[in-house]
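The next block holds one structure in the form of structure tokens; read it before the comments.
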Amino acid sequence: MADTTKDRTTATATTAIGQSVDCEERITDADIEIIILPTESLALYESTIEENLSEQSLDTDPATNCLLNEGVDDKRNDEGSSPNKAMAKELKHLQKRIRNIRESIQLSEASLSDPTNWNNNGLNAVSNCVNEWRSIVSFHSSEDDAFDSYELTRETALCVYQLVQMAMQTGPLKGSNAGYFKRCGSVVARMAVTFLHSILSGDATTQLKFSKKQVEAISNWLSNAEKAVAANKPPSKSSAKLQQQQAAASSRKASKQSSKKKAK
């Protein structure tokens, strides 16, 4: 059963994002790429107010993050039905991968200010997780009529949404509310448009189990990003300076790595 699920997940994710054949391998590579970038200490961003998603703030208390509360799922469904072990294992595995990506992004925040790094090492990793979740939902919701009612299902859906939101508040978008693209420039906004279109490439309330408010929030982010693309403005001076600094740093790093390979 586990092998079948893995094949199903990989195939669906590949179709949705048009990337590598092995989705599991792609995410692992992305995680490693992020971790080796220059690091800086940052506060842990967390979403805490689900009902006000369009203006949702990020909490700095790790204890409020559903992704960090490992081992608490076993007793949550004592009063009602719970997912079978195979399903629960899949959901917990996805939550672990989401947590790893969040931590990697936080450790690499400075480097992700470079739009190319942000797109390749941030947005792509998030897209892979979203598409794995889409695949899990597609399979299990058709196999188990109670899938939507499980606490673990609802928790995972929220974790996926929070990851998408984080992607819209990191890298060149750091320091802004999710959906604010007036300072980042049209290049970054265009990357966000492509990313957000992939998230909403279907009925997100059905395929991703997002709430109507969550879907509305993402739709608003997409609309704002499209407006920024249409405006075709350059990034603000501060954003441009930071992006250029990180692009130069990435170029120097790539040059050093290339020199080391030639020396060998």
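Glycine residues also receive a Cβ, built from the backbone N, Cα and C atoms like all the rest.
TrEMBL tags one of the stretches 85-120, 229-264 as region 'Disordered', and that stretch is 229-264.
Check TrEMBL against the ranges 84-111, 196-223 and you find coiled coil recorded for 84-111.
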